[in-house]
Amino acid sequence: MGKKDQAYQLRSLKKRIAGGIKTYTIASGKGGVGKTSLSVNLALTLGKMGIRTIILDGDLGLANVDVMFGLYPKYHLGYVIKGDKKLSDILVSVQENVYMLPGGTGLQEMADLDAKRQLKLIEELASLEEYCDVLLIDTGAGVHRSVVVFAIASDSLLLVTSPDPTAIRDCYGLLKAVLGKSSTPSELHLVINMVKSDKEAKEVASRLQLTAKDFLGIDINMAGYILKDFHVEEAIKMGMPFVISHPDCEASKCVAWIAKNIFNPEGVDSVLNAPSGRGIKAFCMRLLKQFQLR
Ligand SMILES: Nc1ncnc2c1ncn2[C@@H]1O[C@H](COP(=O)(O)OP(=O)(O)OP(=O)(O)O)[C@@H](O)[C@H]1O
Ligand SMILES: [Mg+2]
């Protein structure tokens, strides 16, 4: 048996035992703090680690994951919902182990389908588990309902903030909105972006962690930080994610460290250690339940 076949069998076994792929929502509260930048570069880093990742653009207003990848897909989930395209037609292969699923307004439209078509679509989405271990969902700015819904439906919430006091306040506001709902993600991670130093990141993180503990009674894992790095802007101008254009820059090293902290905490072989969660079906069901509560 080849190495790839072995890896595939191990993954299948693991999913059968553990449930399904793990879903992560990346959200912030305030806009422009680096959610899309983190989502895209993290997805590529995970792909390199052997963790098969699908990135879903959940920014229902200004979707731009495709722009950051330098890709311009023609179709999105809305076409699958209308029945014009199959899911495999809209899934874009970005690099080995990394796919992009252009969401468009599809996930919201899903809530308006009749139950039979919803189930058919969910079955189709669940077939993505063959392709991936992890689903990352990039979300839009603000504490909008759709962002909260994605966060609640996911296995894990990755909060992103910059050291800017308004960003910290909005990050906390989003956390409060998510925790105000009856069901919450089982894991909470924090990433501080655009920091000047390790010291600044730790100060911001401990302030947020202490406030969350004191007022909301919850623990947030400090997953890491990303230094403010001019290569990030440079890469965007080049139309390329920075982990590809500048793999050795500070921001790339920080993303690698975050990936290891969240996805490979024990340091064991990444195939065996690819995170498992409740799976795509459970994610969709929770998503629909929340959308239907509107
Ligand atoms: N570590 C960093 N160093 C320097 N610039 C950064 C860093 N991270 C992000 N930026 C810059 O911040 C800007 C916003 O980034 P990005 O689009 O990822 O934020 P966002 O949170 O997704 O925004 P929105 O809320 O509008 O979706 C980009 O121009 C990006 O170049
Ligand atoms: Mg964005």
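Cβ atoms are placed via backbone N, Cα and C, with glycine included.
According to TrEMBL, the protein carries these features:
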- Lys30, Gly31, Gly32, Val33, Gly34, Lys35, Thr36, Ser37: ATP binding site (BINDING)
- 22-176: domain 'AAA' (DOMAIN)
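In the vicinity of ligand 2, defined as a Cβ distance under 6 Å, the following of the binding-site residues Val33, Lys35, Thr36 are placed: Lys35, Thr36. All protein chains shown were included, and the count of other CB atoms within 10 Å of the CB of Ser37 (ATP binding site) stands at 24.
Cβ crowding, taken as the number of other Cβ atoms within 10 Å, peaks at Gly34 among the binding-site residues Gly31, Gly34. Note: Lys35 (ATP binding site) has non-local neighbours Ile26, Ala27, Ser28, Asp138, Thr139, Val160, i.e. same-chain residues 6+ apart with C-beta under 8 A of its own C-beta. For Lys30 (ATP binding site), other Cβ atoms within 10 Å of its Cβ number 21. Of all Cβ atoms in the shown protein chains, 26 besides its own fall within 10 Å of the Cβ of Val33 (ATP binding site). If you average pLDDT over the domain 'AAA' (22-176) in this model, you get 88. Sitting within 8 Å of the Cβ centre of Lys30, Gly31, Gly32, Val33, Gly34, Lys35, Thr36, Ser37, and not among those site residues for ATP, are the Cβ atoms of Ser28, Leu38, Ala141, Val160, Ser162, Asn193.
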